[in-house]
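This report refers to the structure that appears directly beneath it.
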Amino acid sequence: MARLLFVLSSLVVSVSGALAATFTITNNCDYTVWPGVLSSAGTVALSTTGFQLQKGESRSLDAPAAWSGRFWGRTRCATDSSGRFSCGTGDCGSGGVECSGGGAAPPATLAEFTLDGSGGMDFYDVSLVDGYNLPMLVVPQGGSGGSCSSTGCLVDLNGLCPSDLKVVLSTSDGGSESVACKSACEAFGSPQYCCSGDFGNPNTCKPSSYSRFFKNACPRAYSYAYDDATSTFTCASANYLISFCPSTTRSVNTNHFSGSSS
């Protein structure tokens, strides 16, 4: 009997204390996406660090209490003749589908989470601080408290990207295609864009014409390092849906950005 009670009590602790949230990642793009997962230092890694999602596929991952980390999508991935796997955007440098502790090479759209943070709230955002490669939407499910709002970038920015930020790759037919949009920090390395050096605080690092390009298109996403006020969201006891190329993805008239990309 004592052994049975021990097993039952252990099960209750495991069920009640271990699982903080379930992330369901869905690929609504017309092409294959390879999601990457990076757990923050000091937190338990999830069951996978990278996998493949063909068009229309989903996969769910359980996260433990107090987990923090990020998700992103890799595109244009292939395995070369030596067996090394790499991606045209969002590559994590592992040489395999699993990222194994590697983060996304910019530019890449990021979904960032801290579960069970201050006041027991989850903190989450979609960030374009490291640039953009895919439309992404985060939707809390069944949560309470905080804003529990959806966030993301629903616009396909690759075609609209300013020419000095645009990442262009060759296509199999000999043409070229814009596949990602760099941040101004990555493109130019200037402290005023990277919020570093003398610009390393919110009083001196202000939105630029480049960050406003991202913010105008995706008002709820982080557009530069100190874009906290309109870009960080909170919820408690929620699960989260993460969609690549959500069904609400739309194109935007380039006139909307007139004067903001110079």
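Glycine is treated like the rest: Cβ placed from N, Cα and C.
Whatever TrEMBL says is automated annotation, not expert-curated.
Summarising the annotation, TrEMBL assigns signal peptide to 1-20.
The disulfide bond annotation in TrEMBL covers Cys29-Cys245 (among others). For Cys29 (disulfide bond), the same-chain residues lying six or more positions away in sequence with a CB closer than 8 A to its CB are Lys55, Leu134, Phe244, Cys245. In the three-state DSSP reading, Cys29 (disulfide bond) counts as coil.
Proximity of Cys77 (disulfide bond) to non-local residues of its own chain (separation of 6 or more, Cβ distance below 8 Å) is seen for Thr32, Trp34, Phe85, Ser86, Cys87, Gly88, Asp91, given in sequence order. For Cys77-Cys87 (among others), the entry in TrEMBL reads disulfide bond.
DSSP gives Cys99 (disulfide bond) a coil state; it is part of no helix or strand. All chains included, 24 other C-beta atoms sit within 10 angstroms of the C-beta of Cys99 (disulfide bond). According to TrEMBL, the disulfide bond annotation covers Cys92-Cys99 (among others).
Among the features that TrEMBL reports, disulfide bond is placed at Cys148-Cys235 (among others). For Cys235 (disulfide bond), the Cβ neighbour count at a 10 Å cut-off comes to 23, with all displayed protein chains included.
Here TrEMBL flags Cys153-Cys218 (among others) as disulfide bond. Of all Cβ atoms in the shown protein chains, 25 besides its own fall within 10 Å of the Cβ of Cys153 (disulfide bond).
Taking a C-beta cut-off of under 8 angstroms and a sequence separation of 6 or more, Cys181 (disulfide bond) has the following same-chain neighbours: Pro107, Gly131, Tyr132, Asn133, Leu157, Asn158, Cys161, Pro162, Leu165, Lys166, Val167. Here TrEMBL flags Cys161-Cys181 (among others) as disulfide bond.
According to TrEMBL, the disulfide bond annotation covers Cys185-Cys194 (among others). Here Cys185 (disulfide bond) comes close to Val129, Tyr193, Cys194, Cys195: these same-chain residues lie at least six apart in sequence, with C-beta atoms under 8 angstroms from its C-beta.
Cys195 (disulfide bond) falls within neither a helix nor a strand when secondary structure is assigned with DSSP, and so counts as coil. Per TrEMBL, the feature disulfide bond maps to Cys195-Cys205 (among others).
In terms of C-alpha distance, the listed disulfide-bonded residues Cys92, Cys99, Cys205, Cys218 place Cys218 closest to Cys148 (disulfide bond).
Within its own chain, Cys218 (disulfide bond) has Val126, Leu128, Gly152, Cys153, Leu154, Val155, Leu157 as residues 6 or more apart in sequence whose C-beta sits under 8 angstroms from its own. When the Cα atoms are compared, Cys235 (disulfide bond) and Cys99 (disulfide bond) turn out to be 28 Å apart. Between the CA atoms of Cys205 (disulfide bond) and Cys92 (disulfide bond) there is a gap of 28 Å.
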